[in-house]
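Copied over from Swiss-Prot, here are the features:
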- H81, H83, H151, D173: Zn(2+) 1 binding site (BINDING)
- D85, H86, D173, H409: Zn(2+) 2 binding site (BINDING)
- H383, V384, S385, G386, H387: substrate binding site (BINDING)
Amino acid sequence: MKLEIIAIGGYEEVGRNMTAVNVDGEIIILDMGIRLDRVLIHEDTDISKLHSLELIEKGIIPNDTVMKNIEGEVKAIVLSHGHLDHIGAVPKLAHRYNAPIIGTPYTIELVKREILSEKKFDVRNPLIVLNAGESIDLTPNITLEFIRITHSIPDSVLPVLHTPYGSIVYGNDFKFDNFPVVGERPDYRAIKKVGKNGVLCFISETTRINHEGKTPPEIIASGLLKNDLLAADNDKHGIIVTTFSSHIARIKSITDIAEKMGRTPVLLGRSMMRFCGIAQDIGLVKFPEDLRIYGDPSSIEMALKNIVKEGKEKYLIIATGHQGEEGAVLSRMATNKTPYKFEKYDCVVFSADPIPNPMNAAQRYMLESRLKLLGVRIFKGAHVSGHAAKEDHRDMLRWLNPEHIIPSHGDFNLTAEYTKLAEEEGYRLGEDVHLLRNGQCLSFERII
């Protein structure tokens, strides 16, 4: 018997997640993501027009050339959820493998959009929808199970590969939200059942391992937004809320609050249109009937003209640009590149924390500084993370009781912090906790 886990991407950084599991020559790929901060560094780059080798060189997508040295055949590409750091490299890499792409309904719809926008490669891999709670035989020896989990995007799952040698559980990304705004609670029964049946290896995200306690549920963010928006004296002023375009639950909360305020909710931005439009089309979420969505620049321009003409106080704008990204709607508004001109006491609510890297921090600081100079009231803190904190990770380890652990989706500070937690639970670095670099392979050999 030979089972290998190949760390292709996401084992030295946050992002560009990609892992391969080789079971006696039958290979399953888990996720194909991009590294978002590298996209920002190369801000003039249109990824859709570039060759995969250029993107590998820039550190934007995983370097899957390591797969040339792996003996076996790829049988499936399995996606855990729809964030770009997990699916963004599909248009660049999937065509190399004669294998279907498997994901939940929302994830597959997002992948379809990514493939349609690709200008360099012709991606023809079959797309297979698998719902949370369902299983599918990938080969006679490997069964894939999707366990429902919560994260900051709907339809997220824990993919589990059931093999003759034990299960491989892929925990990128998750939180335990017992009060979700959209969707259901995690399937704790299924998680514990997998643990009882025997987990050979658990691959776990580490993004928020350095935060004590447990990550609060999404309903807390909803309450904070109500506090900011309903309690403030802003009846006569413009209100703009900015958050992650993929955070459908958060956007649902904001649009519902707009309705309570008697304001028409307006979504602005291409990514807002993509993520929210798909979620609404497939029935994942029900937004207020008067919701308006504008994606392309000309329609956004026209929408803002109408808002100014009819009165800012009649609308609540939900815009892209919470990280201060140049070219995002909020950044363009703050630099007077749209018909919407900020006035004193207009409100901007940031319902997202800055992504922790220097470039994001600098861009966000510049945006906030510009808004303050214009007399804008700024509200921050109406946010909860979509990632597990330390005690969530401890619970997961106790339920799964894996023989081996591979920390991932983080730099070495984060994976080392996860190792400390694992050692508190009786594991030992180098024995059953394994810190891998991108391109490295961990082999398990045993007799059944």
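Keep in mind that glycine also has a Cβ here, set from the backbone N, Cα and C atoms.
Around H151 (Zn(2+) 1 binding site), a 10 Å sphere centred on its CB holds 28 further CB atoms from the protein chains shown. Here the CA atom of S385 (substrate binding site) lies 14 Å from the CA atom of H83 (Zn(2+) 1 binding site).
Ranking the binding-site residues H81, D85, H86, H151, H409 by Cα distance from G386 (substrate binding site) puts H151 first. Within 10 Å of the Cα of H387 (substrate binding site), the following binding-site residues from the list H81, D85, H86, H151, D173, H409 place their own Cα: H151, D173.
Candidate binding-site residues: D85, D173. Fewest other C-beta atoms within 10 angstroms, D85. Following the DSSP three-state reduction, the secondary structure of D85 (Zn(2+) 2 binding site) is helix.
Non-local neighbourhood of S385 (substrate binding site): S152, K175, R208, H211, T215, D353, each in the same chain, at least six residues away, with C-beta under 8 Å from its C-beta. It is 13 Å from the Cα atom of H151 (Zn(2+) 1 binding site) to that of H86 (Zn(2+) 2 binding site). By a simple count of nearby Cβ atoms, those within 10 Å, the most crowded of the binding-site residues H86, H383 is H86. Of D173, H383, V384, all annotated as binding-site residues, the residue with the shortest Cα distance to D85 (Zn(2+) 2 binding site) is D173. In sequence order, I87, G103, T104, T107, H151, I153, D155, S156, V157, D173 make up the list of same-chain residues 6 or more apart from H81 (Zn(2+) 1 binding site) whose Cβ falls under 8 Å from its Cβ. Same-chain residues at least 6 positions away in sequence with a Cβ under 8 Å from that of V384 (substrate binding site) are, in sequence order, T215, P216, P217, E218, I220, A221. The candidate set comprises the binding-site residues H83, H387. Of these, H83 has the most other Cβ atoms within 10 Å. Counting only the Cα atoms, the space from H86 (Zn(2+) 2 binding site) to H383 (substrate binding site) is about 22 angstrom.
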